[in-house]
């Protein structure tokens, strides 16, 4: 069995994570006490991917919950599925990181990290064939961003050959949570570029837009946003959990999606989008699903794929459907919009089909795209970063925890390099000879 160990860090990560476990338990017929009440053998066939079977037929999530303050943990514990998790797997401090990346990465977080790693080892040891780790966290805060990236680099040292995928909530253009978000996000990207295999980027603003525009919710709550996120996360992992005609696992996904090691930030989309209360009354067809999931309105990240080109993308269908029809639709999309796909990676769209649809739907699809348009996000963060860093605003909070200004400068230039790499591949054509001239590449990046 190919198991995944799930880690959730910080307030955002724990809220998304606990929603994800609600949805996944529901799909596998697990009730809040960990008992199985399903109606199909398929629910149990690969349940080991995310659950351990404990005594007397109880299923326990392979989840590690960490935070630097007890608040969020308490609300997870008090929530509907709070009794599902293993009590030892709640690891928390008392101080809080106070949205300070340095506290999460260097001081408070560093004190707690060893007890988290003990739990990670314990979970990893109980796996037959550990496939990899997934982390849910935000990039703008202190714990999820600072301590989350610290955990990634520690786990990387210990399990260098296992896939590390993250679901990272990136700062939104309009909805800002804290003033120092650009600092925290830039420092996080600096780490994720080096230490993660694949990052699925999510963004509150895009999620709000989906709630307003598509779901017609007037006052969306974080619960609604997290519902969308959990649908997408479940979609990306469904072929690990259920049998299907064309399966893909984390490693296959990484191999197909990452053409260059640093460019591993993906956008995810989901179709059909339904609000929590009302599932749609009419079943969608494969062409409609395909068209919807490539639609920029369905992307959970505030960057417009039409402003860039797809290096690669993967579409995961769920439900009973014909493989032939899926292939035709994929081909159709690529042929009609060929200018949006780089021509120097032929057949860069991968489809996979999983036979079991999500609860309440006949079919659904999850879209994962590696597009150069994601540079819009990094550009936006970099601009805000530079504006504050030029005046050294708020820096004392970080230097006070022992950080050096040099680290900020490095993170900033790493971010700018990332943007110019995306730009370089967006402009590249199949005919051109080899490498760009070094000077040219730098000039392009500055514009």
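Here, residue 1 is simply the first one shown, and the rest follow in order.
Glycine is no exception: its Cβ is also placed from the backbone N, Cα and C atoms.
Remember, it's a predicted structure, so these values are computed and weren't measured experimentally.
Residues or ranges marked as GTP binding site in Swiss-Prot (evidence: similarity to another entry): 11, 69, 138, 142, 143, 144, 204, 226. The local packing around residue 138 (GTP binding site), expressed as other Cβ atoms within 10 Å of its Cβ over all shown chains, amounts to 29.
According to Swiss-Prot, the Mg(2+) binding site annotation covers 69. According to DSSP, residue 69 (GTP binding site) is assigned to coil rather than to any helix or strand. Around residue 69 (GTP binding site), taking its Cβ as the centre, 19 other Cβ atoms fall within 10 Å, counting all chains.
For 426-447, the entry in Swiss-Prot reads region 'Disordered'.
Sequence annotations record features per position, and here Swiss-Prot assigns compositional bias 'Acidic residues' to 429-447.
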(message) Please list, in sequence order, the residues in the chain of residue 142 (GTP binding site) that are at least six apart in sequence and whose C-beta is under 8 Å away from its C-beta.
(response) 10, 68, 96, 97, 98, 99, 100, 101, 103, 104, 184
(message) Cβ neighbours within 10 Å, counted over all protein chains: which one of the binding-site residues 143, 204 has the most?
(response) 143
(message) Tell me which of the binding-site residues 11, 144, 226 sits in the most Cβ-dense spot, judged by other Cβ atoms within 10 Å.
(response) 144
